[in-house]
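Listed features, source Swiss-Prot:
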REGION    1-32  region 'Disordered'
DNA_BIND  57-132  DNA-binding region
ZN_FING   60-80  zinc finger
BINDING   Cys60, Cys63, Cys77, Cys80  Zn(2+) 1 binding site
ZN_FING   96-120  zinc finger
BINDING   Cys96, Cys102, Cys112, Cys115  Zn(2+) 2 binding site
REGION    131-150  region 'Disordered'
REGION    162-199  region 'Disordered'
COMPBIAS  165-177  compositional bias 'Basic and acidic residues'
REGION    172-253  region 'Sufficient for interaction with UIMC1'
COMPBIAS  187-199  compositional bias 'Low complexity'
DOMAIN    249-480  domain 'NR LBD'
Amino acid sequence: MERDEPPPSGGGGGGGSAGFLEPPAALPPPPRNGFCQDELAELDPGTISVSDDRAEQRTCLICGDRATGLHYGIISCEGCKGFFKRSICNKRVYRCSRDKNCVMSRKQRNRCQYCRLLKCLQMGMNRKAIREDGMPGGRNKSIGPVQISEEEIERIMSGQEFEEEANHWSNHGDSDHSSPGNRASESNQPSPGSTLSSSRSVELNGFMAFREQYMGMSVPPHYQYIPHLFSYSGHSPLLPQQARSLDPQSYSLIHQLLSAEDLEPLGTPMLIEDGYAVTQAELFALLCRLADELLFRQIAWIKKLPFFCELSIKDYTCLLSSTWQELILLSSLTVYSKQIFGELADVTAKYSPSDEELHRFSDEGMEVIERLIYLYHKFHQLKVSNEEYACMKAINFLNQDIRGLTSASQLEQLNKRYWYICQDFTEYKYTHQPNRFPDLMMCLPEIRYIAGKMVNVPLEQLPLLFKVVLHSCKTSVGKE
């Protein structure tokens, strides 16, 4: 049976897989590092309810009805939760008699099942949270909505995805442990919404393989490319209309995160005299020095985290080796963006790639360029505050799905706490931007995807990649 009743409000009943939820109404007093040590009540990771007083402040992202909690990754009502589960478990294929853009509301949601399922997928409902047997207990505890390409959505809506999954299972039997609603990708690269696995871990002493990973930035206006980041419906507000206040404990935890950050300008020299022609080798060496400094700052950051004493050194090593590229990319897009897109862009402008470099540039590099340009544009529009950056960084770092962790459940609770705190802060600070929090969170899986794709970009192509990205970003911002 699915857990439909909201847990008791207060102390330990507000946990779960997290998402666009509120934290418990009143958190217990924090211990020495600002975190409570209590075990939160175990909830069905596929669907999490919230207390009545909190739920009244939310509306379903699918139909606008009263939301009862986080279901399969997004805030939704009981009706849409059940509809999505039945559709995926029963592999239903619907048809729309109109233009596939039917209005979704509480009164009209049953008129077109096709458009209802389509919106569930577009808003990020997570099929991996549905067990193949339909019982409670999600197969994947990834927090928040997932990103699905338009092509994959079309395969699901047409039934092609279900047919491929059936064929896959018939060929592989029980050796494949993925849910029939969520066939694991056979590609060597993670999908945009996938979690980082140990196969992508990079040894700390080998960060020269920084090659692949980082520094997202970019933006030309002619780029209409949107890499599957979903825009949330304007008529499905996430926030209550009344003014809110920020909980003192949330403020304290955010302050602790900010205290752990090194927000001083980067020390790597990036100034160069006019007229000097930068070579490929010189630019690559500069990129490596930047990666060195940024990585060092991430290591120092970990040691200052308020929950540092609560996790083992083994877990921290595992987390850092699996996420450091993403942390560097996130920081480059936010707190260090002025230097990266200013001073570094000026250096890359003095580098002229050869015809051979241009000719040999890979398709993987082109995809990374396009995604970085879009992501930079997204961050530039959002104007992420230091507080939001600190929370996003902690959320991304505390990835309980990484293999080899000894305290995955504790990581999940820490992740959820900062997820809720970030949501509280954005709702308090940006009351007129109801979609701001989901917009921020949807950037994280894209950062992971870009970091993974950069692994396939040859080292010698990085100088050209950064030149194109930084030039595009700086040029487009200058025109605004």
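Keep in mind that glycine also has a Cβ here, set from the backbone N, Cα and C atoms.
Residues Thr59, Leu61, Ile62, Gly64, Asp65, Ala67, Ser76, Glu78, Gly79, Lys81, Arg106, Arg109 surround the recorded Zn(2+) 1 site, their Cβ atoms falling within 8 Å of the Cβ centroid of Cys60, Cys63, Cys77, Cys80, which are themselves excluded. Mean model confidence for the DNA-binding region (57-132) is a pLDDT of 85. The binding-site residues considered are Cys96, Cys112; of these, Cys96 has the fewest other C-beta atoms within 10 angstroms of its C-beta. Most other Cβ atoms within 10 A: among the binding-site residues Cys60, Cys63, Cys77, Cys80, Cys115, that distinction falls to Cys80.
Of Cys60, Cys63, Cys77, all annotated as binding-site residues, the residue with the shortest Cα distance to Cys96 (Zn(2+) 2 binding site) is Cys63. When the zinc finger (96-120) is classified with DSSP, helix, strand and coil residues number 8 helix, 0 strand, 17 coil. Here the Cα atom of Cys80 (Zn(2+) 1 binding site) is found 12 Å from that of Cys115 (Zn(2+) 2 binding site). Applying an 8 A CB threshold to same-chain residues 6+ apart, the list for Cys102 (Zn(2+) 2 binding site) reads Cys96, Gln108, Arg111, Cys112, Tyr114, Cys115. Same-chain neighbours of the Zn(2+) 2 site beyond Cys96, Cys102, Cys112, Cys115, judged by a C-beta within 8 angstroms of the site's C-beta center, are, in sequence order, Ser97, Arg98, Lys100, Asn101, Arg111, Gln113, Tyr114, Arg116, Leu118. Note: the DNA-binding region (57-132) comprises 25 helix, 8 strand, 43 coil (DSSP; helix = H, G, I, strand = E, B).
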